[in-house]
Amino acid sequence: MTSKTTASLLAICVACAASAIAGTALCADRRNAPAQAGAGAAAAVSGDAHEQPAAEAPAEEEEETPAVAATDGKLVLPNGQDITPDHMENGRWYTAEDIPTYKIAEEGAVDWATFSGYRRYSAECHVCHGPDGEGSTYAPALRKSVLTMGYYDFLEIAASGKQEVNTAANLVMPAFGTNKNVWCYIDDIYAYLLARGTGDLPRGRPAKREDKSDEFVAQEDSCMSG
């Protein structure tokens, strides 16, 4: 996260989950349980989630991925957000509007932050949302969600959690704003999901990656020890 977004993120961290925008929660559980922070919070709610990850949603039930427009050398999401990489800060790529994004070299190597996002997603998010952002039988495919959900809406729900109640189930998304294993890498996770959603990054572990920069290490150490 850049210094320009610090004020917004502080507000987001204390935001009430009830204020989250209408739409899809980032992580859900079938049981009626309070939102909670911490690594593996969703798994703690469901009991044996680590041993039995959520089943992936059947392919026939998945909605078609929204189109991503490429005009004048720029990538624009269906929500109008430009995700073209513009500059690097703290070892991460950002757009001209300081929104985190990804960059893949011509030979196929992903930037380190996007690779970091893959690792953090696989460690913290896939139990509910399925591997590679593909979704599950009870949680959405985040690779699709990020194409229509704004970056700050993504942060708000990730920080504060969300609860959706309907006639079929009571779905709970835990809050991760105080979980450093997630929050210190939230931009990386977002960039990874963007790369998956646009189709620029295939499923599985990225085959090639850039090296981890000193700037990334410094920011990582500062966040994890803060």
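Just so it is clear, glycine is given a Cβ too, placed from its N, Cα and C backbone atoms.
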Per Swiss-Prot, C125, C128, H129 bind heme; matching candidate in M173, M224: M173
Range annotated as region 'Disordered' - as stated in Swiss-Prot, picked from 43-68, 69-94: 43-68
Other CB atoms within 10 A, centred on M173 (heme binding site): 26
Remote residues contacting the region 'Disordered' (203-226) - C-beta distance under 8 A, at least 6 residues beyond either end: 89-92, 105, 107-116, 118, 131-132, 134, 180, 183-184, 196
Per DSSP, three-state class assigned to C125 (heme binding site): coil
For heme, whose listed binding residues are C125, C128, H129, M173, the greatest C-alpha pairwise distance in Å: 11
Least Cβ-crowded entry, counting other Cβ within 10 Å, from the binding-site residues listed as C125, C128: C125
